[in-house]
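Shown next, in structure tokens, is the structure this report addresses.
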Amino acid sequence: MATEHLPAERAQSLLSAPRREEEPQKPNYALRLTLAGHSAAISSVKFSPNGEWLASSAADALIIIWGAYDGNCKKTLYGHSLEISDVAWSSDSSRLVSASDDKTLKVWDMRSGKCLKTLKGHSDFVFCCDFNPPSNLIVSGSFDESVKIWEVKTGKCLKTLSAHSDPISAVNFNCNGSLIVSGSYDGLCRIWDAASGQCLRTLADEGNPPVSFVKFSPNGKYILTATLDNTLKLWDYSRGRCLKTYTGHKNEKYCLFASFSVTGRKWVVSGSEDNMVYIWNLQTKEIVQRLQGHTDVVISAACHPTKNIIASAALENDKTIKVWSSDC
């Protein structure tokens, strides 16, 4: 019966009646591109903040810059002497920093493809790196168990934080650059004041499983951690409380990159040691999609800054990057 034929009171009650909640929509990521160019295991993939490019690093000591939409190889950056574990973009997408087993970081100019600075000071493999939002500072983490803060302009180390008692697995600045989070094989996740270098808080899990990845949420209020017991957790770090736990994937050996997808609905995205990409609903913790196609461990998964696009990369038996897109 059409609403307009009902008595006014009845029609109004129908219009204002609370609706049953709709089923949460799920993503429908499908494979769009497969990018091949590295000759060894890929370690990291990152979209540029302007969304135009995708940077990949690998055990072949190379960085390749790809077109984010067409998958074409734009540039190859040469300079490191040993494998590269991580890359990170400056906020304006004009520069890139890389972390290598040769114990150095390199800052690259995107336009020319040339190395602008080599940052020396770590005494062991440099495993992770990040620019702060103004892109005047770089943070790095190393197997020497320290976190270092560098000045981009001069290439000088400004601070060395005796951060952990085991290798550092991940470092990340928050959205305004005031905080740094570090994760380590010692099982601790630490939040630092970027200006003073003071440790503000330490997060630890029961049993202290090695922390293999850490990242601030886009709004800076939460931290996503991965541990080598097949678990991702979302923390309210100001209270030291774990809010959400995401499981179902496999992660016991490698430091797998995870990411927040916020361009459509809100997902958590991670690689997995069963050769798949896993996508969880951020709120419900439900696995909403698994992306199949890689033939080795998916070490890295990155989300495009403005579109529903995921890039994933895999280890030695695969050596490819796959680009996936979804309607939501």
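Each residue's number is its place along the chain shown, starting with 1.
Including glycine, each Cβ sits where the backbone N, Cα and C put it.
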Which range is it, out of 166-170, 186-190, 196-200, that shows up in Swiss-Prot as motif 'DDB1-binding motif'? 186-190
Which stretch, out of 1-25, 101-125, is listed as region 'Disordered' by Swiss-Prot? 1-25
Top Cβ-contact partner of the repeat 'WD 1' (37-76) among 163-202, 250-290, 293-328 (pairs under 8 Å): 293-328
